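Annotated coiled coil per TrEMBL: 61-88, in sequence order. Annotation comment: TrEMBL describes 117-132, 147-166, 173-196, 230-247, 254-274, 280-305, 326-346, 358-379 as transmembrane segment.
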Amino acid sequence: HCLKSCLITRNSHSYSKCQSNSQSKAKRGNVKVWAQNSESDIDINPVSNFFSNVFKPMKTVETAEEQERRLELEKRDQLAAAEVLRQEQVKEDALPYLFLFALQFLPILGSNRIESIIYFLGVAVTTVYIGGRQETIDEAERVSEKSALVAPIGASIALGSVYLLIKTGFDPTSLYAVAVTLFGALAISDIGVPILRNILPPSFSEKEVQVPKDIAQKLELDPPTLPLDGLVTLGLGLLCTAIYWAPVAMEQKFILSNIIAWALAMISLGSISLGSFQTAVILLTGLFCYDIFWVFGTEVMMTVATKVEAPIKFLYPAPPSEIERAYPFSVLGLGDVVIPGLFVRLMTKVDQDLKPKVFSYFSAATAAYALGLSACFVVNEITQAGQPALLYLNPACIGSALVCGVINGQLDEIINFEEPQIDEEISP
């Protein structure tokens with residue numbers, strides 16, 4: 001080993017000092033210099049190559065089983081690291097989460113119109129805020145421009161199909177609600193883990209539960225254990241689903257329906273990415289037209305919203321009235337939170353990439369969402385008619401980004417912004 005280290009240059013400084021002398025000596029005395037700091041010289045040095053081959057450790061060939069095991073361990077490490085980031089983000093946003101929790105007690109104070117507006121505004125804006133900042137484990141599914149173009153058409157077909165089923169006497173509520181509540185149970189399980197880890201002692205998140213051998217083999221668990229906190233939140237999700245399906249009037253369990261809807265909104269915001277500003281504008285513009293047509297042009301949207309009972313909307317008891325109401329709740333659709341919320345989440349990526357010096361794109365979009373939703377409620381109070389919320393929300397969100405782009409001197413950058421994909425990123 002000592003001989004090898006002498007034959008190969010130890011540092012560039014020693015080489016640089018003797019380089020010029022080496023060349024002159026080689027010319028005069030035909031002497032070859034082996035100790036140089038150039039890989040090309042090392043490659044043609046037979047003594048160096050000999051000792052390199054002698055002392056080089058033998059490379060072992062990784063078997064398929066070993067590779068699978070290594071990849072599994074790497075995946076576990078990545079999941080653990082991502083879970084830590086999620087936990088830290090929830091801790092940082094503790095006050096908004098506590099505010100959301102406190103809002104669920106608002107119906108106890110009353111069901112007047114002002115309470116319902118405060119509830120909807122608080123839940124929607126807070127969800128958009130924390131949903132835009134949340135950390136996720138898996139990479140979000142990116143929406144293409146083509147998908148954004150056809151989204152309003154697909155949504156219209158789905159909405160029209162449900163409406164036709166209702167009008168022909170077939171009630172799709174049960175089938176629809178089963179699918180939504182099952183997804184809701186999984187959503188509660190996923191969203192609940194970082195929340196639970198911030199409430200309970202750290203030792204709780206480290207506990208593992210032994211899984212029966214047969215189940216472990218089917219789930220391909222190695223070691224055959226599952227995290228206790230994940231099982232607890234899954235149990236809570238299934239419990240919420242079971243209570244939702246209990247033979248109890250919706251007036252007694254609407255908060256539970258709202259919790260499931262909130263979990264679905266959070267999962268949607270974390271699992272979908274608009275990818276670029278132009279894609280976002282295409283999607284929001286298309287759904288802007290979709291919402292206006294189906295709310296103002298027909299009775300379809302209102303019929304489906306009130307006839308299909310599933311946790312796909314936020315509910316609040318309607319104020320008491322002498323006139324009997326067809327539906328005992330005020331409603332805010334889940335899409336009125338998720339669609340603009342995806343745009344707000346995209347603005348967090350814009351902030352990270354463009355680093356605005358004057359106004360944050362994310363903060364401006366969140367404020368624009370709050371103002372747009374407030375305007376929707378004001379018009380609703382004045383006209384006493386249902387309003388397409390995206391009519392107010394989508395222009396407000398897009399406009400906030402463009403105005404910030406002008407103020408920050410980044411208008412071209414925001415218009416052409418595209419979120420980098422993981423597989424396209426190159427390390428410097």
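The backbone N, Cα and C atoms fix where each Cβ goes, glycine too.
Bear in mind that TrEMBL entries carry predicted annotations, made automatically and left uncurated.
For the transmembrane segment (254-274), same-chain residues at least 6 beyond its ends with a Cβ under 8 Å from one of its own Cβ atoms are 100, 104, 107, 123, 127-128, 130-132, 134, 136, 138, 140-143, 148, 180-181, 183-185, 187-188, 190-192, 237, 240-241, 243-244, 280, 283, 311-317, 329, 334, 337-338, 341-343, 345-346, 419. Put simply, of 173-196, 230-247, 280-305, 326-346, 358-379, the stretch with the most CB pairs closer than 8 A to the transmembrane segment (147-166) is 280-305. Residues 117, 120-121, 124-125, 128-129, 132-133, 336, 340-341, 343-344, 347-348, 350-351, 387, 389, 391-397, 399-401, 403-405, 407-408, 414 of the same chain sit 6 or more residues outside the transmembrane segment (358-379) yet have a Cβ under 8 Å from a Cβ within it. Within its own chain, the transmembrane segment (173-196) is flanked in space by residues 83, 86-87, 89-90, 97, 162, 204-205, 229-230, 232-234, 236-238, 240-241, 244-245, 259-261, 263-264, 266-267, 307-312, which lie at least six positions past its ends and keep a Cβ under 8 Å from the stretch.
Counted over residue pairs 6 or more apart, the CB atoms of the transmembrane segment (280-305) and the transmembrane segment (326-346) come under 8 Å in at least three pairs, which marks the two as touching. For the transmembrane segment (326-346), same-chain residues at least 6 beyond its ends with a Cβ under 8 Å from one of its own Cβ atoms are 113, 116, 120, 123-124, 127-129, 131-132, 250-251, 254, 261, 264-265, 268-269, 272-275, 277, 280, 283-284, 287, 305-306, 312-318, 362, 365-366, 369, 372-373, 389-390, 393-394, 397-398, 401, 419.
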